[in-house]
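Engineer: Quick one: structure below, then a few questions.
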Amino acid sequence: DQDCLSGWSFYEGHCYQLFRLKTWDEAEKYCNQWDGGHLVSIESNAKAEFVAQLISRKLPKSAIEDRVWIGLRDRSKREQCGHLWTDNSFVHYEHVVPPTKCFVLERQTEFRKWIAVNCEFKFPFVCKAKIPR
C-alpha cells in the first residue's frame, strides 16, 4: 500500500504492521529500527478504528494473545503512578500489584479501549514507521 514495505498497511502518510510477542520496552526498541519507527500512537477516533481493524485482520482468531501493545506509557516516577486519590494524594506502587504503566488494546473491547497493564508482559504490538524512501 502506498509504497509501504510488503505486509505493512498504509494510513495517513505512515506504514503500520503487527508483530508478535515482546515486552513493551522490547517492542518499542524493535519498532525503532525503521525510519521514524515507534509503537503506534492513537490520536483520533478514525485512527483508533484503523488500528482496531488492522489488529483484527492480522491477529489470528485462534491466537491466545488477546492484548496488543500501543505506544502509551505512564512516564511518572517509578514509585508513583500518574493517578491521584480523590483528596489529591499520590498512589504509591507498593500497594498496586502489579505496576500498571503501559497500555494495551484488548480483544474483549474489539481492540478499541486502552487498558493499563504491567510493562513486562509479552504481547503482540503495532509499529508505526515512515514510508521507506
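Just so it is clear, glycine is given a Cβ too, placed from its N, Cα and C backbone atoms.
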Engineer: What does Swiss-Prot give as the disulfide partner of Cys15, choosing from Cys4, Cys31?
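Structural biologist: Within the candidate set Cys4, Cys31, Swiss-Prot assigns the bond with Cys15 to Cys4.
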Engineer: Can you look up which of Cys102, Cys127 is joined to Cys119 by a disulfide in Swiss-Prot?
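Structural biologist: That would be Cys102, the partner Swiss-Prot lists for Cys119.
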Engineer: Across all the protein chains here, work out how many other Cβ atoms are within 10 Å of the Cβ of Cys127 (disulfide bond).
Structural biologist: 24
Engineer: Of the disulfide-bonded residues listed here (Cys31, Cys102, Cys127), which is spatially closest to Cys15 (disulfide bond) when Cα positions are compared?
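Structural biologist: The smallest Cα gap between Cys15 (disulfide bond) and any of the disulfide-bonded residues is with Cys127.
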